[in-house]
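Asker: Per TrEMBL, the features are:
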type	residues	note
TRANSMEM	33-61	transmembrane segment
DOMAIN	37-484	domain 'Major facilitator superfamily (MFS) profile'
TRANSMEM	73-95	transmembrane segment
TRANSMEM	102-122	transmembrane segment
TRANSMEM	128-148	transmembrane segment
TRANSMEM	160-178	transmembrane segment
TRANSMEM	190-213	transmembrane segment
TRANSMEM	330-351	transmembrane segment
TRANSMEM	357-381	transmembrane segment
TRANSMEM	388-417	transmembrane segment
TRANSMEM	452-476	transmembrane segment
Amino acid sequence: MAGSGHENGVVPILPADNLTVFEVSKKPKKNKFALGCAMLASLTSMLLGYDIGVMSGAIIFIKKDLKISDVQIEILVGVLNLYCLVGSIVAGNIADWIGRRYTIVLANVIIFVGSLFMGFSVNYAFLMVGRFIAGIGVGFAIMGAVLYNAEISPASSRGFLTSFPEVCINVGILLGYVSNYAFSKLPTRIGWRLMLGAGATPSIFLVFAVLAMPESPRWLVMQGKLGQAKVVLEKTLDTKEEAQLRLNDIKEAAGIPQDSTGDVVVVQKQTNSNGVWRELLLHPTPTVKHILICTVGIHFFQQSSGVDAVVLYSPRIFEKAGITSSNEQLLTTVAVGICKTIFILVATFLLDKSGRRALLLISTGGMVVSLATLGFSLTIINHSEAKLTWAIALCITMVLSFVAFFAIGMGPIAGIYTSEIFPLKLRAQGISLGVAVNRVTSGIISMTFLSLYQAITIGGAFFLFAGIAAVGWLFFNICLPETRGKTLEETERLFGNLVGWREVDKKMKEDNTKGTTHGQEGSEG
């Protein structure tokens, strides 16, 4: 222990690697201050979930009221993701300029305006304007929440805390489903507008809640505000010694000399972000190349495996399965939301115990089986003239199984993993790039699903998703190192060799073991 060393007159010099041992071996209780900050930052993500969930049911009534086609429905549903792409890319630069906290505040303001536009829409064009504004806000919200939580969290509970945005998205989806069912009893022209407009209310309160949070300590260091950063680190970590070690690591990553100890220091700042994007995309090091491949891969496979097709079009899937009543379709969809929310909550407690890789591989494997079986059951129903109760039950079970497997691993880990692996100076833009890939893929899936299943049958569509998920499982197994328990600064060492990272991981564990032994010997001396 650091304290024992000081008392005996011996100060053990711990390398950066040993910070992991220090943090994980103590197994500290969850830091309540960091927990509160992470929860507040994540609540904005709930508005994205609400939009996804509520739109799945609202399109039933929008189609009737505005007399629009399936193609227009696909565009309406999926275009939010493309607008979100714009928002997430812009937010990467904004987060480095005004800070992580004010980026989340700005996200809530934009979402508030977008929700009002959608709630008061008089026609399809007006509705699309509202989708554009809300999409920009959602892009800000996703990028800002993931980035803030990663930078405020202790290494020992980073998986738990950085999974909160995904938890809130799932809670939002469930609330959207419940809103569908509640407002479906109103006249058609009023019901869907209330469904969409209700998303404006929480954003007002979230603006003031987020302003009560401290700024990210890593952003403060990047601005040269070492004194403020140290105060935040001492509140979010368990000891002052741990906070000082972490501050030293962040200073090194930010290029600040260790002998700079004033509360405010001068930091060389870039006048624009072109240098960061050049280093990220045009002239990446082997380490950054590996990180980019993992980031693009995990976000691509998360969305291309068809989760948005299930979540956004679940009433249509249940209709194809033989459930014809819109009331029953919405109730079954609520069950999907409940199942997804329960399993994301389970995942939050497993991420720091089981690790990212194990959960990700189990999750993806379960998704492959669920999607293939769902494709089989829908194909049987499609080729049968009689109503097959067992096939309908199997279809519902597999939809629930799919969202459960997704929520327990693939769902939260994509955002968590991306937030952990980028170097400090590339982190904001790197996360925004991951969000961009995620939203573009999601937009393509959601904007083409109806046309896809009409072309290759609905069963064939889910067989295709199963095949994509299987390729994703192989990619994750080969390319993605484990990041559990490692600090953000030392995680970089795992990257640089796409298929040889296991040797580096093994060496890091050996070094940690040696460092622990030397530290104990120093204390005893």
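Yeah, the Cβs are placed from backbone N, Cα and C, and that goes for glycine too.
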Asker: Which range out of 128-148, 190-213, 357-381, 388-417, 452-476 gives the transmembrane segment (73-95) the most CB pairs under 8 Å?
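Answerer: It is 128-148 that shares the most Cβ pairs under 8 Å with the transmembrane segment (73-95).
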Asker: Mind checking which residues reach the transmembrane segment (190-213)? Cβ under 8 Å, same chain, six or more beyond either end.
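Answerer: Answer is 37, 40-41, 43-44, 46-47, 50-51, 54-55, 57-58, 61-62, 65, 101, 104-105, 108-109, 111-112, 115-116, 118-121, 130, 134, 148, 176, 179-180, 183-184.
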Asker: Let me spell it out: take the transmembrane segment (330-351), skip the flanking residues so only those 6+ beyond its ends count, and list any with a Cβ under 8 Å from a Cβ in it.
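Answerer: Distant contacts of the transmembrane segment (330-351): 53, 56-57, 159-160, 163-164, 166-167, 170-171, 173-174, 176-178, 180-181, 184, 310-311, 314-315, 318, 323, 359, 396, 399-400, 403-409, 411-413, 416, 484.
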Asker: Okay, the transmembrane segment (357-381) and the transmembrane segment (388-417): do they have at least three CB pairs under 8 Å, pairs separated by 6 or more?
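Answerer: When sequence-distant Cβ pairs are counted, the transmembrane segment (357-381) touches the transmembrane segment (388-417), since at least 3 lie under 8 Å.
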Asker: What parts of the chain pack near the transmembrane segment (160-178), using Cβ distances under 8 Å and only residues at least 6 beyond its ends?
Answerer: 30, 34-35, 38-39, 41-57, 142, 145-146, 149-150, 152-153, 195, 311, 330, 333-334, 336-338, 340-341, 344-345, 347-349, 351-352, 407, 411-412, 415-416, 419-420
Asker: I need to check the long-range neighbours of the transmembrane segment (357-381): which residues 6 or more away from its ends have a CB within less than 8 Å of a CB in the stretch?
Answerer: 301, 305-306, 317, 320-322, 347, 350-351, 388, 391-392, 394-395, 398-399, 401-402, 404-406, 408-411, 413, 457-463, 465-466, 469-470, 472-473, 476-477, 480-482
